């Protein structure tokens, strides 16, 4: 056997041994050393020709990896097995095998796909396998990988399966990648794929996520032209979109249209309509609709929405009455319902009542979540009770809850309010160590706190503290500190931080230079302001509409601002688009 001349003869001989069932012979050294991954790949193809099915190939595929010493299937041999199973319509087994290699072998890489697809030339089988790959990656939230496979299929002329496209679009909508949704949809249309109700529903859902009423209405018209009839999901999504936009008349028209079309509203329909009324504070209409629900039963979402509406309308008594009615109907309030009431109690500084509500939650074994804890922490911080705020923070840790942006911001604001600046700064560094980015207002509280203590050195020392603690300090930190110091008219301190930034090799951006220029201008130092303008012009840093609007809002009512903008215009550092907008 070993002396057989050609590789093909060797494969044929091994194939005969496998078909006869003498597999143990292949474990002998004189055979085993010749069973390479390439040979087994060829062997699997040969075996699939026997009995016109994949059963022998599949059995040998599983046996070879478990029985042949030191042997592991290569990507190519596994891909071959997937093709064989697909070719013979053993789809579930093929999909399961494909998913095992999809994670570890970078199948979305164009170079890998090209290499694999060259080994098998059946376009239908390749299209099917690649479509499964798109579905698997999309469902696994590996969106970029799914897009790569989709692009490879489109670029190499493989048929795009409708179901795979639908799943991909849906995953993009869930991740709010709306621009990519329309790009993929355009490619589908170019490829000749005819959208069905599922595709249209995904696209209308994308419109709902982005708040694009006009595009949703165009899609509905397109559906009618193409003979695709809207279903309950279509109508519910449209109603939700209209209600979010405050377009109640249009939402009610959709409800009327769906009923005339023989589609009965469900509780999702009613919940969307009730939410729309509550959002606008139209509680009378919301409660009337709650009482008029037919063909569906109000659920937790229904009652919680109305309770939240009452809280926002400053009618806590009615909210509590409705919670009692909810329980009488056999619906136990969950953490979301309690959070709604808790938020209102804390907003009214009714901390004792808030604690009673917490005890009630505990008695009903309802676990507080991040929103519960953040609401309490924020309430304690507002009244300067930092000891109680820290107790809640420690309880969050014990419960396994993770701090988020709101937790840190509330604590920083609270410590700044009671002028415990070192504690505020420690929380800031904890926030950064957790991988969260503080906003401009967070740094503003720190700057304001130290300015109120007339402790400029502490502010100037912040960049050095970052380095000492091993934290990365980027331009956004310097920008926030300089901008706030300029707003506080602490120009000398802002200039010192600007100098530290430059020593670190960082160049200022338009906001930093504009902040410093305006601060100098207000201080009567026109020469220093001109130097800032010169540097901006030299580096082609322009004042755009966003910066212009932000400064106008921040310095509203300041008479110096108009003269400052005129000077900036003369120095040609206002963007063309901004000048057009200002002129208009």
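Easy rule for this one: first residue shown is 1, then count along the chain.
Using the three backbone atoms N, Cα and C, a Cβ is placed for every residue, glycine included.
Keep in mind the model is a prediction, meaning the values are calculated, not measured.
Features reported for this protein in TrEMBL:
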- 196-230: repeat 'PPR' (REPEAT)
- 231-265: repeat 'PPR' (REPEAT)
- 266-296: repeat 'PPR' (REPEAT)
- 299-333: repeat 'PPR' (REPEAT)
- 334-368: repeat 'PPR' (REPEAT)
- 369-403: repeat 'PPR' (REPEAT)
- 404-438: repeat 'PPR' (REPEAT)
- 474-508: repeat 'PPR' (REPEAT)
- 509-543: repeat 'PPR' (REPEAT)
> Reported in the order helix, strand, coil, what are the DSSP residue counts of the repeat 'PPR' (231-265)?
Replying inline: 26 helix, 0 strand, 9 coil
> Under an 8 Å Cβ to Cβ limit, what residues of the same chain, 6 or more beyond the ends of the repeat 'PPR' (509-543), are close to it?
Replying inline: 475, 478-479, 482-483, 485-487, 489, 491, 494-495, 498, 501, 551, 555, 558, 560-561, 563-564, 567-568, 571-575, 578
>> Are there residues at least six beyond either end of the repeat 'PPR' (196-230) with Cβ under 8 Å to its Cβ atoms? List them, or say none.
In response: 162, 165-166, 169-170, 172-173, 176, 178, 181-182, 185, 188, 237-238, 240-242, 244-245, 247, 258, 261
> In terms of Cβ proximity under 8 Å, which residues at least six beyond the ends of the repeat 'PPR' (404-438) contact it?
Replying inline: 370, 373-374, 377-378, 380-382, 384, 386, 389-390, 393, 396, 445-446, 448-450, 452-453, 455, 458, 462, 465-466, 469, 471, 476, 480
> Which numbers of helix, strand and coil residues does DSSP report for the repeat 'PPR' (404-438)?
Replying inline: 26 helix, 0 strand, 9 coil
>> Quick test of the contact rule: Cβ under 8 Å, at least six residues beyond the ends. What residues does that give for the repeat 'PPR' (299-333)?
In response: 267, 270-271, 274-275, 277-279, 281, 283, 286-287, 290, 293, 340-341, 343-345, 348, 364, 366
> Any idea what the model's mean pLDDT is for the repeat 'PPR' (509-543)?
Replying inline: 94
>> Which sequence-distant residues neighbour the repeat 'PPR' (474-508)? Criterion: at least 6 residues beyond either end, Cβ under 8 Å.
In response: 437-438, 440, 442-444, 447-448, 451, 456, 459-460, 462-464, 466, 515-516, 518-520, 522-523, 525, 539, 541, 554-555
